[in-house]
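Some notes on the structure that comes next.
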Amino acid sequence: MPWPRPGTQPWPPVDVRLARTPCPTGRVPSASLPVDGGRRSGPCIPAGGICLLVLSLRPGAGRVQMPNPQLLVLFGSQTGTAQDVSERLGREARRRRLGCRVQALDSYPVVNLINEPLVIFVCATTGQGDPPDNMKNFWRFIFRKNLPTTALCQMEFAVLGLGDSSYTKFNFVAKKLHRRLLQLGGSALLPVCLGDDQHELGPDAAVDPWLRDLWDRVLSLLPPPPDLAEIPPGVPLPSKFTLLFLQEAPSTGSEGQRVAHPSSQEPPSESKPFLAPMISNQRVTGPSHFQDVRLIEFDISGSGISFAAGDVVLIQPSNSAAHVQQFCQVLGLDPDQLFTLQPREPDVSCPTRLPQPCSMRHLVSHYLDIASVPRRSFFELLACLSLHELEREKLLEFSSAQGQEELFEYCNRPRRTILEVLCDFPHTAAAIPPDYLLDLIPAIRPRAFSIASSMLAHPSRLQILVAVVQFQTRLKEPRRGLCSSWLASLDPGQGPVRVPLWVRPGSLAFPETPDTPVIMVGPGTGVAPFRAAIQERVAQGQTRNFLFFGCRWRDQDFYWEAEWQELETRDCLTLVPAFSREQEQKVYVQHRLRELGSLVWELLDRQGAYFYLAGNAKSMPADVSEALMSIFQEDGGLCSPDAAAYLARLQRTQRFQTETWA
């Protein structure tokens, strides 16, 4: 292997463009060949009669010369797809010799938009038409009513949306943002792009042709320098970072996760999470139930964490030790090798979650998402880096527009992971330069869980309800959710367990007035935030709580049954359960709502109740909304248009709130 290993000198920053030309010297270790009009020397690695010349350059080389940034790409991403598309835009801009910045919307100073001439917005839609978490501050700002209608009159823009047409508010965020930018005086380069997860080829079916049109428009506005040719697709761009390997462990400092300390003035955050001791990890579904659901409790004493009902805890998971070992074996990496990370470009910063120095084991365990399903960009870069002719040919096919159907069958449908793909392409995997690991593999994203307890009932404790994700595809190995499986594997009874976490406000806010009734609909693990709310409200003397809870079987997945019953005896709760499988005809929460339609109407219309819904975002929210529409018509006497307007008014005044997840 030509890449640095323990005890060897690291390479300087290099431009690893691969010059594909017949090798004039056969199987000679090195060759000097003309590339881009000059001559460079480097190792010549024969692969099926093709000479792959790795250009080794002087320290500091390898940067693509760009003019000052001219194009700005801003993204709002919940699961990483919008960020991936944005980074693709950044790469395509660099290939066209255009300066480009790529940022999350909430990390960009939004007041600077008035000075931006050309901006591409890439936005996902989450839940029931909600913006992603990392663009919520931007969303609130851009819809301020006092913004002048000429605020963005100097800006050309385009909006690329990513959504799922099976949801009612398909690409709602992108559509609404496009309209708002026009209202503020912006000029649209193109109609809004509506990427659809439900298309057989995924969002790329809409994104690919839209991007072709976009670059035509952009290059007409920002023609590249005439003396710089476009960088071909098969040539890898320089990596974002250089890994400088250390020959021996540093004498000072120690590797470890950046964490929030009890004495810190700042609350825990993603860059500095709190390592919370796990107190208990209890299965709360019956032994014969198809799903493993856990009630997990953490000790947050001294963390500075505080939360209210409706707030969310974010947990940073890790890869399993077995997967880490397998990954290092496939790539020929030493897990104990220490390195420091050095950005190639001045405007790129090192990930705050990685210590300096860092070991390969830490990088793979805590940062690289090797258990995720790879995106098309993974195959594009892997094809550029491949030194094996047959494997490279297949990777190029997967990364092409024509190969997306085959890629879907190979990767997306069976949920094949990055680690499994690398095992399927062993020659390519073994030759991946370590410098490209952070370009090739995305970072592990934190997972959000509704907090299921109140600090008023459980001081210094935080509880979550976790459904362990496991399902079978045509692959032999079951598919497992990274975070839920990792949490389920932790056993505080076998020794101390600490989990990195932090808290952020959720989307649910409960009324503070003592007499306001609250109707909560929470099937399955959707009941978690309502347990926190009920505990908090009861502790504050608010007893007008109505809970519609749905599960399959009373004796298998009726979470907190005893707790609900005890609250009922104290007249602090009205519980309406729906057990879907205990009778021939399935009964869900929407059926129980209709059965008690007169009570629901009375609470909403005459007593000013708030209505809350939490759970799976697929069909349940639409079914509940349909049940409410029926109640408004049958029990409220409204016609269909008035019932729809009534529901919209509840949503607009925050008396109908939802928290849903895919």
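We number each residue from 1, going along the chain as drawn.
Glycine too: its Cβ is placed from the backbone N, Cα and C atoms.
Remember, TrEMBL labels are computer predictions, not curated facts.
Positions annotated as FMN binding site by TrEMBL: 77-82, 124-127, 162-171, D197. Sequence annotations record features per position, and here TrEMBL assigns FAD binding site to R415, R447, A448, F449, S450, G481, L482, C483, S484, W661. Residues annotated as NADP(+) binding site in TrEMBL: T525, S580, R581, K586, V587, Y588, V589, Q590, D623. Among the features that TrEMBL reports, compositional bias 'Low complexity' is placed at 262-273. The annotation domain 'FAD-binding FR-type' is assigned in TrEMBL to 271-512. TrEMBL lists 253-273 with the feature region 'Disordered'.
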Stretch-averaged pLDDT - the domain 'FAD-binding FR-type' (271-512) = 94
For L482 (FAD binding site) and V589 (NADP(+) binding site), what Cα-Cα distance in Å is obtained after rounding to a whole number?
-> 30
C-alpha of G127 (FMN binding site) to C-alpha of S450 (FAD binding site): distance in Å?
-> 14
Could you measure between V587 (NADP(+) binding site) and F170 (FMN binding site) for me? Cα positions, answer in whole angstrom.
-> 28
R581 (NADP(+) binding site), number of other Cβ atoms within 10 Å | 13
By a 10 Å Cβ neighbour count, the lowest-scoring of the binding-site residues A124, V587 is V587
Subset of binding-site residues (S77, G80, A124, D164, T525) lying within 10 A of S484 (FAD binding site), CA to CA, in sequence order | none
From the Cα of T525 (NADP(+) binding site) across to the Cα of S450 (FAD binding site), what is the distance in angstrom?
-> 9
Surrounding CB atoms that lie within 10 Å of the CB of A448 (FAD binding site), all protein chains | 17
Binding-site residues compared (D164, D623) - highest count of Cβ atoms within 10 Å | D164
For Y167 (FMN binding site), what is the tally of other C-beta atoms lying within 10 angstroms of its C-beta?
-> 23
